[in-house]
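Colleague: Here you go, one structure.
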Amino acid sequence: MAVVFKGFPFNLPFASILLILLLCLQSGGGQKKKENMLAEKVEQMMEWSSRRSVIRMNGDKFRRFVKAPPRNYSVIVMFTALQPQRQCSVCRQANEEYQVLANSWRYSSAFSNKLFFTVVDYDEGADVFQQLNMNSAPTFMHFPAKGKPKRADTFDLQRIGFASEQLAKWIADRTDVQIRVFRPPNYSGTIALALLVSLVGGLLYLRRNNLEFIYNKTGWAMAALCVVFAMTSGQMWNHIRGPPYAHKNPQNGQVSYIHGSSQAQFVAESHIILLLNILSHAAITMGMVLLNEAATSKGDVGKRRIICLVGLGLVVFFFSFLLSIFRSKYHGYPYSFLIK
């Protein structure tokens, strides 16, 4: 028997109609279930976010609220190792900047349920690190509302640093969410400046009857050298980019003091370069003084020849040493001299 529906150009069996109705009901029920599940996830994330700006997650929470669909919100995750036994000083520094950024978002007028900040500690979610094939910390990743994370969704911490402002710029590129960073008041710089001014003012007052030391060329020369060595070692780059002091691999505990890229450096690396610069330039200066002494003195010829060779050796060796350091850092630099 067939049932004829008005408006259909053909007859449909009654069983087929029932099947279509069941499919429609099932589809509608599945969609409703997804909407309810999404609403529950968003509500839970908002509740956690109201308690603290950065939501702590273990493996189960990460898989349910970050990886598993449905999801209409973006998640920024910091993978870190904050436990004291890990001895990750970089993780603690990055966490402070991350907290500043998350608080800036949480208490801003633009705050919404479209973006959440979370953290996964290695000791609370080692399975997550294994799942993502992650072997270093800290690492920042963006999990978009739709689709899988792309390469650009992993923050380039080694090249850019982990300052809150840099993280906010990266988040704006990935999510179109603009976050204005608000830092808590820090009066240490003002206090240090006031102490310096007071110290200089007090010194000038005590020496008000004898200010000849201001015209001391040696003193100004030493001050200028200190500034030159500090700048050529990368101290200003450290101040602008805020790199970590060193990097410790949480898997094997190995600490790296030299950054492998020519576009970045660690704070410890700048200290090493500063020390090597001072020693090398002191040796080169001594070599130049010996060469001048050998050329201008009127002593024994044999002694002058030895002084000349020693001075020339100092200049050539330490200049080659400095050039080799630059060549080892700047990959692809074609020039070398004696030392490769």
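Note that Cβ sites are derived from N, Cα and C of the backbone, with glycine treated the same way.
In TrEMBL, annotation is done automatically, which means it is predicted and not curated.
On a predicted model such as this, the values are computed, not experimentally measured, just so you know.
Quick paste of what TrEMBL says about this protein:
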{"type": "SIGNAL", "residues": "1-30", "note": "signal peptide"}
{"type": "TRANSMEM", "residues": "187-206", "note": "transmembrane segment"}
{"type": "TRANSMEM", "residues": "218-237", "note": "transmembrane segment"}
{"type": "TRANSMEM", "residues": "272-294", "note": "transmembrane segment"}
{"type": "TRANSMEM", "residues": "306-326", "note": "transmembrane segment"}
Colleague: Counting only residues 6 or more past its boundaries, what in the same chain has a CB within less than 8 Å of a CB in the transmembrane segment (306-326)?
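Modeller: Same-chain contacts beyond the flanks: 273, 276-277, 280-281, 283-284, 286-291, 293-295, 297, 333, 335-340.
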Colleague: Restricting to the same chain and to residues at least six past its boundaries, which positions have a Cβ under 8 Å from a Cβ of the transmembrane segment (272-294)?
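Modeller: Long-range Cβ neighbours of the transmembrane segment (272-294): 229-230, 232-235, 257-258, 304-305, 307-308, 310-315, 317-319, 321-322, 325.
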